[in-house]
Structure formats: structure tokens, C-alpha cells
Amino acid sequence: MMTQDYKLQVEAIKCGTVIDHIPAQIGFKLLSLFKLTATDQRITIGLNLPSKRSGRKDLIKIENTFLTEQQANQLAMYAPDATVNRIDNYEVVKKLTLSLPERIDAVLTCPNSNCISHNEPVDSSFTVKAQRGEISLKCKYCEKEFDHLTVLHAD
């Protein structure tokens, strides 16, 4: 009988949030988009980690910080199979089930360079639409609709 040693590839946290099963190559973008680094707390990032589910994954751990259900659901746009776990005393005390939000405000940038959201002091605002497995976002201001990946890569 063969034995295997399993060890954590990213250090455990005592208290905070773990966002696991993020698609590989998306972790840094999520940190930036959702301003997850706007904290003095320690953040641990694992990129291209092995995953039984998808081959490779990214992982984010934020100590002493807890995502609201609304914040977690906004992550579902780009990491629909991600898990968001609340950790207390090194144990998972709550698992958030992600679902697409109806709208995303003050996070994304409209890809339309003529949109007023670029030049006016307004927060971006998108309505989320899901049809036949495709996710699109409609800008509140210019009313143009974009594939969610187009918006993800807009800066």
C-alpha cells in the first residue's frame, strides 16, 4: 500500500477569509479589481497551484478580514466555481455559496472609452445578465453590453 504525504502549499490562517478554486491566472486580477489589497492585514496568494478539480488554480487568503455575501457574489462573475470560506481558529466556520449578483457597482471599468464613467466622478455600475451560460454586463451609463471577460480585461 502506498502512502502519500500531503502538505499545505500555502500557509494556513488562524482567522479570516480563504478564496479557493479561483481559475488559474485570475487571482491577481481579482485582488486588483475588488481592492482586496486595501488592507493592512496579511494576504497570502497561491498561483498555479495543483487542483484535482481543474488541473491548476489560484488561491487568496486574507487574515482578519471577512467578505460580505455581496462581495463574495461579485467574485462569482470571474470565478464561478470558487469557494469563499470564513476561517476562525484555523477551522472553516462558514462556506459561502456564490451566485451571480444582479449588479456590480464601483468595481469594474467600462470598456467603452466614450462612456461618461471615465470622465465624470461617478462609480461604475453594471447590470449582470446570464443567458444560455453566457454572462454579459450592461453599463448603466452608456447602456452598452459587453461579454464579462471583455470587462475583466478593461483598464
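Glycine is no exception: its Cβ is also placed from the backbone N, Cα and C atoms.
Packing around Cys142 (Zn(2+) binding site) is summarised by its Cβ count: 16 other Cβ atoms lie within 10 angstroms of its Cβ, all protein chains included. Cys142 (Zn(2+) binding site) falls outside any helix or strand according to DSSP and counts as coil. Annotation comment: Swiss-Prot describes Cys110, Cys115, Cys139, Cys142 as Zn(2+) binding site, evidence class sequence analysis.
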Among Cys110, Cys115, Cys139, the one of these binding-site residues whose Cβ has the fewest neighbouring Cβ atoms within 10 Å:
Cys115
